[in-house]
């Protein structure tokens, strides 16, 4: 009984020492480990492994949906994050398949439309696509991005089913294409919004490139599929095919894809722990970007942002040139037929589809092993891909046979796949918090290129001669060379200061800030400062201590005076900095060797310790 009472007295004394500022007692303070700060400690008191279920003791699975009672929301042999990337890829395949089929339908329909009408029809989808890029980024940041992505592609497929009924009416067709562009404009920002929660930092390249490879796979599959459908079922068959396929895809998307890993009904606990610990989403509470709190000025004054914008414009120029006019180029220059056009035309995009995810894996490996920094990887892959594509476009411009032209095109487009691991995932590097908004802005600028290309081509290619197409290809090569110069000079792979949420997190309220207000939180906590200076006497005073609050009026007081500010506190004799053993002028008082009140491990904020 005596021991129990003694333990209670000791605990009461320790509590008094902290709350009442007992100046005559020094308590040895042991800083927590980094994993203890994150809360990765199991019930036995030992540090749990990051992949262990003990590291997420409070995780509760969301309530299962009705369909989950009959079939689990998973694909065999695939992780949940890989499933998200794969379904995103299939969505882009359908979306770009719808666009590419139009270029083959125009040749088969043999319309009597004027060049101005043809240009307006080709550019219509891009004008709508441009309008919703930035709004799409804001919506994807504020609402579930997975629902936005799925609804956008499903709506575009429904509109695609309407096109056969209005194809012979150019004015109505243009309206439908503009509406398609409006709904498709949110897909790229929404995909980045999805990857913000599902892609761990060292897997961003491979997961993002797997998703975006669907853009090039869509062009690859659309060439032969649309060609066969046109030959056997008529020129309007591709519209029905892709519309129906999109509806089936949307049902699969609703079944398999969730907004965040924590919302998934059957995700493996180890995968959830890996994703959330790598992103630190379990301990960060971001305020969703809105129109008012988004740093627009920083976007438009940041050279790394402009590097992404310029690169997107240059890549979009060549990409949409091929999507809209590749069949026309080979037919006008080498008089190729429909079947030959469809089969050979798929080869460059097949190589692109293979190289894009392969480049993502290679980029992540170089970063993970520390061979190159993120900035070096982005510049190398982007500038190398652009340079090779531009060079082979020049070779294609002076080719004399269809074999030479197709070989040069295939090699050039294949190399451009490496550039996707450069600029197209760079948003997640410099500003993951605003990745969907930045993607909307850069993709909107790229859409301008897609809208300009039809007018430039129809302005130059008036007589469908090979020499006219040569000028078009030379212009495309020069556009890419300019992109290499700008991106190589100004791109970055580092998190930008204006996109770092740490300062906002440190401003959260805590009790010590009420007692001892400070203007700005320290940039580092005490442990980091001590480690960086390699000092061994943790807890000694390195800088003069600030004036302390007055002694509470009662020994039983458990709170600090809220109305007393630091400036109005009386002076207390203090130990000179750097000498904890020298006594003050008062022989009856000794200054405790105590960490400064600004040390976050002693007086931690709610972001530094979990209660």
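Cβ coordinates are placed from backbone N, Cα and C, and glycine is handled just like the others.
These numbers come from a predicted model, not from an experiment.
Per TrEMBL, the listed range annotated as transmembrane segment is 82-104 (candidates: 36-58, 59-81, 82-104, 266-288). Counted over residue pairs separated by six or more positions, the transmembrane segment (82-104) shares at least 3 Cβ pairs under 8 angstroms with the transmembrane segment (207-227), which defines the two as touching. Within the same chain, residues 303-304, 306-307, 310-311, 313-315, 317-318, 321, 325, 329, 332-333, 379, 382-383, 386-387, 389-391, 393-394, 396-398, 422-423, 456-457, 460-461 sit at least 6 positions outside the transmembrane segment (469-490) and bring their C-beta atoms closer than 8 Å to a C-beta of that stretch. Between the transmembrane segment (437-457) and the transmembrane segment (173-195) there are at least 3 Cβ pairs closer than 8 Å, counting only pairs 6 or more residues apart in sequence, which means the two stretches are in contact. Through the fold, the transmembrane segment (124-143) approaches residues 99, 173-175, 177-190, 192-193, 288-291, 294, 320, 434, 436-441, 443-444, 447-448, 450-451 of its own chain, all at least 6 residues removed from its boundaries and within a Cβ separation under 8 Å. If you look at the transmembrane segment (239-258), the same-chain residues 6 or more away from its ends with a CB under 8 A from one of its CBs are 67, 73-75, 83-84, 87, 90-91, 94, 97-98, 101, 105, 146, 149-150, 153-154, 156-158, 160-161, 163-164, 194, 225, 229, 264-265.
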